[in-house]
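First up is the structure itself, then whatever we jot down about it.
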Amino acid sequence: MNPYILAILLLGLGLGTTITFASSHWLLAWMGLEINTLAILPLMAQHHHPRAVEAATKYFLTQATAAATLLFASTTNAWLTGQWDIYQMTHPLPTTVIIVALALKVGLAPLHSWLPEVLQGLDLTTGLILSTWQKLAPFALLLQIQAPSPAILTFLGLSSTLIGGWGGLNQTQLRKILAYSSIAHLGWMTLVLQFAPSLTLLTLLTYFIMTFSTFLIFKLKKATNINSLSISWSKAPIITTLTPLVLLSLGGLPPLSGFVPKWLILQELTKQDLPTLATLAAFSALLSLYFYLRLTYAMTLTISPNNLIGSTPWRFFSPQLSLPLSTATIATLSLLPATPAMIALLTL
């Protein structure tokens, strides 16, 4: 892609998210979400592959549906209450519809079906943007809305953690596994959203850092399925040694970085007299941990039975910059001791 066009699209992504962050009016927030969607569509379809075009079309239809629902609900709220302000959502009907529209935008279950299919059709760089940056604007709006009933966010969060865990069990494609991982992590954030927004921000930040390093590692290895991980030791032995720690951190295995947000969320749910919900969420974490262990096993304890035909891929120089990968990997593995400082900053 032409670097000038790429710069314009990336600036459009930043502009859309910034407009949504800074807006207190529903029309401005909707405008920011639309700019965000229109900016990422050319990035999705830039390779002109049928799967990429299909993924871009599915994403466009899904986001257009969610944006139209959000605009309809905010207009209904203005008609019922006379308020366009995001903080003045007092009527339960438009508030519920807006929460459902934002859940569709980020891919919360049971509105998640588009996310694995779309992510599977993208390259890893665009998939990274979709899994991280595109979640910021809808979550900024969710943080500003007071749900009319705690059952709405609880249902969305619990169903996302369970479906995100179950859905990833039988997958062999890494991008689909990361999509279900995203659904499960978003469920954890939604569970605690109404009780402790600072914990949601902490989980979101931790998830972004871990996902960033995971996508960069898979991009370095040019890995798209589990079988390709079994020959990764010969391409980059050092990063292959660190990759299981990153994957298990995503799964929330103690004492790695991903364990702390989940532990704090379970603690908060218990404080809110929701022990059953905390127990179900903890069991759903075991489902997610299983397919991360499966990836770790494929990388460290198996050797591919297939003979490589053609040139050996590990002899080619990778054009990927090593600084972002090393920075993200070090940050992922060192977040655990920095968690108290992060919590203190988020609760200021």
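All residue numbers here begin at 1 and follow the chain in the order shown.
Including glycine, each Cβ sits where the backbone N, Cα and C put it.
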Given ranges 177-195, 329-347, the stretch to which TrEMBL attaches the annotation transmembrane segment:
177-195
Given the model, what does the mean pLDDT over the domain 'NADH dehydrogenase subunit 2 C-terminal' (289-343) come out as?
72
For the transmembrane segment (177-195) and the transmembrane segment (276-293), does the number of C-beta pairs under 8 Å, pairs 6 or more apart in sequence, reach 3 or more?
yes
